[in-house]
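J.: This is the structure I have questions about; it appears just below.
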Amino acid sequence: MTSTPMNLNCFDLATRLKRGPAEHKGDAGKAILIGGAPGMAGALVLAGNACLHLGAGWTILEMFDPSSAHADANQPELMIRLASTQAHDALIKQDPDVIAIGPGLGSSPIAIEWIKAVLSFPKVPLIIDADALNCIADSEDLLNLLQHRNQQFPEMTVITPHPGEAARLLHSSSAKIQEDRQEAIHALVNQTQSIVVLKGQHTLIASPQHAVTQCMEGNPGMGTGGMGDILTGAITAIAAQGVCHQLNLWEATGIAVQLHATAADSLVEKGVGPIGLTPSETIMEMRSLLNKLL
Ligand SMILES: NC(=O)C1=CN([C@@H]2O[C@H](COP(=O)(O)OP(=O)(O)OC[C@H]3O[C@@H](n4cnc5c(N)ncnc54)[C@H](OP(=O)(O)O)[C@@H]3O)[C@@H](O)[C@H]2O)[C@@H](O)CC1
Ligand SMILES: Nc1ncnc2c1ncn2[C@@H]1O[C@H](COP(=O)(O)OP(=O)(O)O)[C@@H](O)[C@H]1O
């Protein structure tokens, strides 16, 4: 029988993000987010917007959709580039503090090249979501690379599957995952050796070094396309600032998961949702809540 997980309660840690008077963007970290294939550019822009509004020093989008790979007049702070075909060289040149891959990534050969490159890029916190997880589920080579990365650099990689993505990784079904979510997260930790965020009602987080914790916040208004993409952006931003603010990836992930769900609850309390609650509104609420926590 599985025990009841501890409730996620990590807002106290957010005070570490408070900025000193002389801090500059270099102290807030350089984040690179990769994805946005044709038809899904919005997923990467949402992740990037969350990363920007939650405080990363630089937010760089490696965009796969050529027609979206240009400055966004509505959000000119985002550095949106056409994803290079030389993924490894592009990473070396940009020297990121944190990397996220997956929102709207697709499964093209260049997507696979980027996944290989990020899994082989040493040491920096890495967030893997969405299609990147589906590609890993379909490839033993990519799964081996992920396991190898985690052996070399423990607790430096987080994967954020929803039940459908978890099912693909575990060669199961989302119904089975939902039947016993604790068993599923244990299986995902064992399989990938990563920090795992199993999304859905009462999101679970666990890792090889940490027992399962459960987020008690959140609501069904969050069932809108793009809501997971902004969680990826939020983890990325907090991990980027964490590099200079003494927050490791486990802690950054916990803060982001709780902030994301609490922001959605707060909006519903104000009557913004549950019906029609949008990820873009949730980004702004996360920003507001985070600043109140400092
Ligand atoms: N604006 C844009 O450009 C957007 C682009 N996006 C991008 O699209 C790509 C495809 O991602 P996606 O998640 O939409 O599709 P997919 O991987 O087939 O999974 C769906 C299936 O998973 C399951 N499932 C999910 N949650 C569950 C839960 N809580 N509880 C239970 N089951 C759950 C459920 O499966 P079922 O239960 O029906 O078997 C569901 O049908 C990806 O790259 C993403 O970033 C999106 O972010 C949207 C905005
Ligand atoms: N009923 C619910 N209760 C709490 N949280 C939910 C609920 N439905 C969805 N969520 C949250 O919304 C987000 C949806 O993520 P995901 O399915 O990856 O969206 P997308 O791929 O469209 O960006 C997750 O963080 C998930 O935990």
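Glycine is no exception: its Cβ is also placed from the backbone N, Cα and C atoms.
Sharing the record's features from TrEMBL:
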DOMAIN    8-293  domain 'YjeF C-terminal'
BINDING   Ala43, Gly104, His162, Asp229  (6S)-NADPHX binding site
BINDING   Lys199, Gly200, Gln201, His202, Thr203, Gly228  AMP binding site
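For each feature listed, report its degree of burial, its nearest neighbours and the pertinent distances within the displayed model.
T.: Under the three-state DSSP scheme, Gly104 ((6S)-NADPHX binding site) falls in the coil class. Sequence-distant neighbours of Gly104 ((6S)-NADPHX binding site) (same chain, six or more apart, CB under 8 Å from its CB) are Gly35, Gly36, Ala37, Gly39, Met40, Ala41, Gly42, Ala43, Leu44, Phe64, Ala130, Asp131, Asp229, listed in sequence order.
In the three-state DSSP classification, Gly228 (AMP binding site) falls within a helix. The number of other CB atoms found within 10 A of the CB of Gly228 (AMP binding site), across every protein chain shown, is 25.
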J.: Using a Cβ cut-off of under 6 Å to any atom of ligand 1, determine which of the binding-site residues Ala43, Gly104, His162, Gly200, Gln201, Asp229 qualify.
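T.: Listed by sequence, the hits are Ala43, Gly104, His162, Gly200, Asp229.
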J.: Return only the integer: C-alpha distance in Å from Gly200 (AMP binding site) to His162 ((6S)-NADPHX binding site).
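T.: That separation, Cα to Cα, works out to 6 Å.
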J.: Return only the integer: C-alpha distance in Å from His202 (AMP binding site) to His162 ((6S)-NADPHX binding site).
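T.: On Cα coordinates alone, these residues lie 12 Å apart.
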J.: Using CB atoms and a 10 A radius, I'd like the single residue among the binding-site residues His162, Lys199, His202 with the highest neighbour count.
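T.: Result of the Cβ crowding comparison: Lys199.
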J.: Roughly how many Å separate the Cα of Gln201 (AMP binding site) from that of His162 ((6S)-NADPHX binding site), to the nearest whole number?
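T.: It is 10 Å, counting Cα to Cα.
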J.: Which one of these binding-site residues, Gln201, Thr203, has the sparsest Cβ neighbourhood, judged by other Cβ atoms within 10 angstroms?
T.: Gln201
